[in-house]
């Protein structure tokens, strides 16, 4: 029985572990009956972003399957899809989503009913507004989906180069299939998940950035699988088969192996360091080739890009409550009117003989007709345009935030970004804010500050160390063995990359005997000054320091010829740099370019189906140049060169874009290069032209500078005398500037800012990490010549090299990283760096005293707010190392529990370490972070800081930034290990809060204790923690951060939460909170993309919440309450009218008025004021954060406010109706011609007055009046008048006949007087109450007390006194 089913389209083969793969069976000879396996897997693989739940492994043929000629090649396997709709599903799916809303579904039902029965009003009055609302919303969502479709097409149709049968083919990205060999060039994005097969880097490395994946912008290193055979490109499809796990969401794990075909039959393990994920970008590597394994929606990027839950505003809860209330009131009104109508029909109408005989029978049809007629008549109690207006208000309000110049960062050209506009008003409802620390409260700019070495503390002073006890300054020449070993560990225990390329293996020596250098040499010496590496910078000689004593009146020529020993220094003057020593009897070397050949591989499209390397130089086929040791390096770039394979790639890394051909052809005739930047004083360099006609030039192409005399004396007075202290200070500052330039030119790229800060600190002290060359780490010793009495070292700068054998990567579980190296003497060492809580237990017993001292020092560092790491090492014997290698190979070859086996292997080798010391790095605070946090706390927002730092460091930062008030009680829950211990802590803390009445209390808890609290006592922990003024959670994982947010959200108090962070580790916390806020910081943009709102600086959060949050909350409350008010006024008159028509279910309004009332007559002013309303100015809100409390918990959407607006609506409808009713009842001769007014005039007069009153009511309630706002109010009234005039001059006789009725009203003076009187009568009480509230400072909720306020009083009493 065969258990294999091959997928001709994808190149996947499912494996049933019951059977085994027959080695003599071709993978292309599967039979048709086995396609049921293919179909089953493909359905699971392609459906959305789901991961196959089948516990099997995938087998992928390197190079892809051989496509049968009659069958078309596979297509669309790498297509991504982020759209919600298709042309077929758009209409039904969008309508289904829209009719889930109560109002839309209600009007749909009303429209259907009005079409089925004899409706009292035209069905168009319900249908047209519904169609308008649905069409606007559908157009908006459809347009957004079209934009997503276009974005997808840009990615899916981008060109991708693949290799088929040794030839390059360019296809669309969407057509890449598993198994294809994909070529990715420098600075290009990876189109799918690839297993790295080949790299132009000579050491098989590939450098990438993963900002699109995890938000980290640092450079990461991937490797070609070890021992992978080098074959020609045309033979790569014969390498073998990749076997790997099914796609999973974990970005940092990958289990697989390569089964090599042929005689070798070996198995090479694959891990995450061998996989390029889609979304990553190749950097500092000219070209790589990878085999596609996961494509399309199964890539790890797409699996992690699933849609998050839809966040809804808390205000929608209140809106739904109001809608349910109105719906219940509607049913009650309809039922009441129906029974009153039945009463009239039974007992009143029979007595009115002129109406004819009453019907004897009453059928179900008549019941439905009567009841549903009333339902249709009052369906406008539900405001259909409410949702559309809210959507427009939110979208335009989001634009206002993006246009706010106060939320714009000029340096980075970054405005505020609103990703979720339907949460605008939630910014004004925040009760608890969860914040990350590193990169959010701090800048994530690390600076090395202090260290502990062998039990002694030192301060870092750029180029020297200061002993804290003796205050002695120590440079690298005075380091003892412990200090040298400590900084040697820092210089090699890392994964830092030199982006500009490592320095060459040998120093480039001056060609002192050659008078006219060859063009090849000259070509290497041209170019911008940034290309000069650290090996070209020489130490300023002893004579130049003494020349500063000469009188400034001496000329430049005399200063050039002066020498303390009487020798002529003119010929030896050079561009000196005090970084590296290269003295040879007071002879100073000149600057020169390193003489090393570098090639940039380019794919040449040859006619013979062969992939070749383009020539580096277009002018010659041979390139010959000499390095500093006189070694000749030749590279024949011709097609017949034996060093160039015709099919395979010659992989050499080009470490700078200046190594590309266009830079190599720059000005071969240039004899020198002038540098514009001075090491000392301005104009310190000679600008004399260099030519062969002048005095013999030992080294053309050098940079010439005058001696240090003029450089230093240009700052001095003419009578400058010998001042050694000032000279030393000047030399020290000049050296610092030189080191800074060199470090900048090296351009260190690290996976964390801590590592970069430590490597840069070593470079400043004199241990310059110059890069790795085929796993050989090179550290150059650069002694500073600051002691003028000390004789200078003769010879070249010393350079140490270490062969890196293994890197034990840092993980969030291990909290440490290690490297295993072999030194120049052949000894093997393991260096470990990590959190002290994880490194100290690994130290040998002999280091107990050292551990105790270092632990105390780390506590001191943490109290200063510094981030700490412990450093340790030990010697490894050859036997132990071989055992480690064998165990690690066994772990890597295992497809099951590979991670666990590898960590067990790591833990064995990381043991019995000798502690060297600890480092302390400072992370500076963000701008105005203290003012922001204090203001937010004054606004009633409780702030929880969730960080991965240790407690002492986080506590110091929390105190310095104002998170924890200085006089607050601090309660620590550290190393809690059981349920009972946690309950004891929580009970004690609660008593502290209760009995410390009025005193602020802060809780500090570490990750282990929090794990106990979340798993065993979540409710107790939550109820106590929310009573604290501030909470600081330390040593948390990203998952724990999101769990804390979820725990607070589960509270019965319905807290509104917000989370703010800047890194990928904050994404889960940001997505879990009600409002997610991202900072576009140094750790990438992943947090900003996943957040609802994003900006550049933490201090902008104050304005976002206190100003925009306050405004949006006020505006939305105003909008919602006004909508219900104006519809109650509108339908209240209809309700009163029924009592005077024998409940006949007839409408007092014409159908035109029913249709346009919510769409035209009353929509624009409320939309305008809901975008511009400002109860307080922005400055007042920023100065008085206490005003933020007025809107939290949606106070203005509570029942008292709603009932108050409802009472005003009922009052206005009664006044309008009965004022008109009295006029028409007692004397309806109100027209100028002396005629009586018709019924059509009655309904038109009512709607005219309603439009005027509801718009004036809006004007009365508004705080911020502008000319444009007044224009919208007046314009709405004029719009009613204009449409009515046009409508009443057309004799339609469609619904009700109002022909010429409105024109007669406009011509009547009594009507105008009645309009004025009615408007005043309606609004005088409103105005009076408003003035009394302002004069007497009466709060609204004291007039209408609710249950919520009682609960607040009760809660306050319980917390304070119980």
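Cβ from N, Cα, C; glycine included.
Some features that TrEMBL has for this protein:
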- 436: active site, 4-aspartylphosphate intermediate (ACT_SITE)
- 436, 438, 1062, 1066: Mg(2+) binding site (BINDING)
- 436, 437, 438, 755, 810, 833, 867, 947, 948, 949, 1035, 1041, 1065, 1066: ATP binding site (BINDING)
- 543-576: compositional bias 'Polar residues' (COMPBIAS)
- 159-302: domain 'P-type ATPase A' (DOMAIN)
- 1088-1336: domain 'P-type ATPase C-terminal' (DOMAIN)
- 543-580: region 'Disordered' (REGION)
- 103-121: transmembrane segment (TRANSMEM)
- 318-340: transmembrane segment (TRANSMEM)
- 371-390: transmembrane segment (TRANSMEM)
- 1116-1139: transmembrane segment (TRANSMEM)
- 1151-1172: transmembrane segment (TRANSMEM)
- 1202-1231: transmembrane segment (TRANSMEM)
- 1237-1260: transmembrane segment (TRANSMEM)
- 1267-1290: transmembrane segment (TRANSMEM)
- 1310-1329: transmembrane segment (TRANSMEM)
* Structure fact -> Minimal Cβ count within 10 Å, across the binding-site residues 438, 1065, points to 1065
* Output, ordered by sequence, the same-chain residues six or more apart from residue 1035 (ATP binding site) with a CB under 8 Å from its CB, or 'none'. => 948, 949, 950, 951, 1006, 1007, 1008
* Structure fact -> Lying 6 or more residues past either end of the transmembrane segment (1116-1139) yet within Cβ distance under 8 Å of it, the residues of that chain are 315, 318-319, 322, 326, 333, 337, 340, 377-378, 380-383, 385-386, 389-390, 393, 424-425, 1145, 1147-1149, 1157-1158, 1162, 1166-1167, 1169-1170, 1173, 1191, 1194, 1196-1197, 1201-1202, 1205-1206, 1208-1210, 1212-1214, 1216-1218, 1246, 1250, 1253-1254, 1257-1258, 1261
* Structure fact -> residue 1066 (Mg(2+) binding site) has its Cβ surrounded, within 10 angstroms, by a count of other Cβ atoms equal to 32
* **DSSP helix/strand/coil residue counts for the domain 'P-type ATPase A' (159-302)** => 22 helix, 67 strand, 55 coil
* Residues satisfying Cβ distance under 8 Å from residue 436 (active site, 4-aspartylphosphate intermediate), sequence separation of at least 6 -> 945, 946, 947, 1041, 1060, 1061, 1062, 1063, 1065, 1066, 1069
* Near the transmembrane segment (371-390), which same-chain residues lie under 8 Å Cβ to Cβ, leaving out any that are not at least 6 residues past its ends? -> 101-104, 106-107, 110, 113-114, 117-121, 126, 129-130, 132-133, 136-137, 319, 323, 326-327, 329-330, 333-335, 337-338, 1116, 1119-1120, 1123-1124, 1126-1128, 1130-1131, 1134-1135, 1145, 1147, 1154, 1157-1159, 1163, 1166-1167, 1170
* Asked: Across the domain 'P-type ATPase C-terminal' (1088-1336), what does the pLDDT come to on average, as a whole number?
  -> 90
* Asked: Taking just the CA atoms, what is the gap between residue 810 (ATP binding site) and residue 438 (Mg(2+) binding site) in Å?
  -> 18
* Asked: Distance between residue 867 (ATP binding site) and residue 438 (Mg(2+) binding site) at the Cα atoms, whole Å?
  -> 10
